[in-house]
Amino acid sequence: MKNSIIGESVTRTFRGNYITSFLAYTVPTYVLVTPAFFVSSLRLPTWLSFLVVSIPFGGRIVGAIAYQRVIALLGSKLTYLASFTSLGFLALSSALTYNVILLILVRFLVGVSFGLATSLAMEQAVRSGNRLIQASTLSGWAVGWIMGALAYTSMANFYLATLSGAVTFPLSLLYRKVEAFEGTTPALKLEMPSFAAVLVFFLSFEPAFVLQLAPSLLEREGGIVWLVVGYVASIPMYFLIPALSRVFGETRALTTSAVIAAVSGATFFLTDSPLALVPFNAFGLGINSVAPRVAELYGANARNMGIALNAAAVGGVFVPVVSSIDVKVLASTITLVSMFLLLLLGVRRRRAVTITY
């Protein structure tokens, strides 16, 4: 009887961690990226449009750094509630704001709330020690983008799309399902990740950064459709790559994924072939599933991994800009170099460290 009660408790905890970690990454991603599909409808100067789209990436870093203090003060459950509630109010504000300066400020605050929510999602996922939960959490980025693309095809304008982000209000009530934990360090003391840990996430996110160029490259080929197909294909890869790691070893799984992502990515940017986009999207995003393991080898832990992840996301601002200068040369080169360096970091460190599953 006692064992049965314990088993039910463990099952409920697993389900709660699985659901809330996934939602805390997926829904904020949707709120963050959906306006990017509609920003051209605002008819702003190019630099202002870019600022509206990119300013949340700066907010992500602020939110991730603030997370350690917030979690120490509020605990995990209230942090989830606060981040989702704030995203809801910010979504309403975005839909009702017609002043560009205020819109940019609101978008920055969206990034802050995103940093809080995703840092919580990552800490809960890593604390669970469950690869399935970690993989599903990271897949939230792809799912959020798919939801944004679907919103683009079904909603009339920018303001209606941003208003849909208010779905965070009812989802905030799931805060009771979040695992209860608090800060283990004083609220004013920050536990920062190593530069190498940030670099691991930056390199693993490079495909996601450079994929922002894909719709314009495939505009004549139905770019959004091919991009959605690629994002859909990436979701099972978040689970398949860790599964291959358990069977063949992480080094082989990382090597295979990095090589396929590098070759297909370079091929896509050199040829604009949609057939190369799908494997690049699938393996390029799926490789994120091994990033937490590699980052742990360089000192990242459950508490500071959110900072590493969101600090690395700054690449989402400048990688597409730099790559767009000469897509064929720069985008393909940056992709090849990033995958090679990620592979080098992962393989080199594992020579001295044994990972236990």
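Using the three backbone atoms N, Cα and C, a Cβ is placed for every residue, glycine included.
Record features, source TrEMBL:
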TRANSMEM  21-40  transmembrane segment
TRANSMEM  46-66  transmembrane segment
TRANSMEM  78-95  transmembrane segment
TRANSMEM  101-120  transmembrane segment
TRANSMEM  132-152  transmembrane segment
TRANSMEM  195-218  transmembrane segment
TRANSMEM  224-241  transmembrane segment
TRANSMEM  307-323  transmembrane segment
TRANSMEM  329-347  transmembrane segment
Contact check, the transmembrane segment (101-120) vs the transmembrane segment (21-40), 3+ Cβ pairs under 8 Å, seq sep 6+: yes
Contact call for the transmembrane segment (132-152) against the transmembrane segment (21-40), three or more Cβ pairs under 8 Å: yes
Long-range neighbours of the transmembrane segment (195-218), counting only residues six or more past its ends (CB under 8 A): 141, 224, 226-227, 230, 261, 265, 268-269, 272, 274, 277, 280-281, 284-285, 287-288, 290-291, 294-295, 298-300, 304-305, 307-309, 311-313, 315-316, 319-320, 323-324, 327, 331, 334-335, 338-339, 341-342, 345-346
Recorded stretch that, among 21-40, 46-66, 307-323, 329-347, has the most CB pairs under 8 Å to the transmembrane segment (78-95): 21-40
Maximum Cβ pairs under 8 Å to the transmembrane segment (307-323) - stretch from the list 21-40, 46-66, 329-347: 46-66
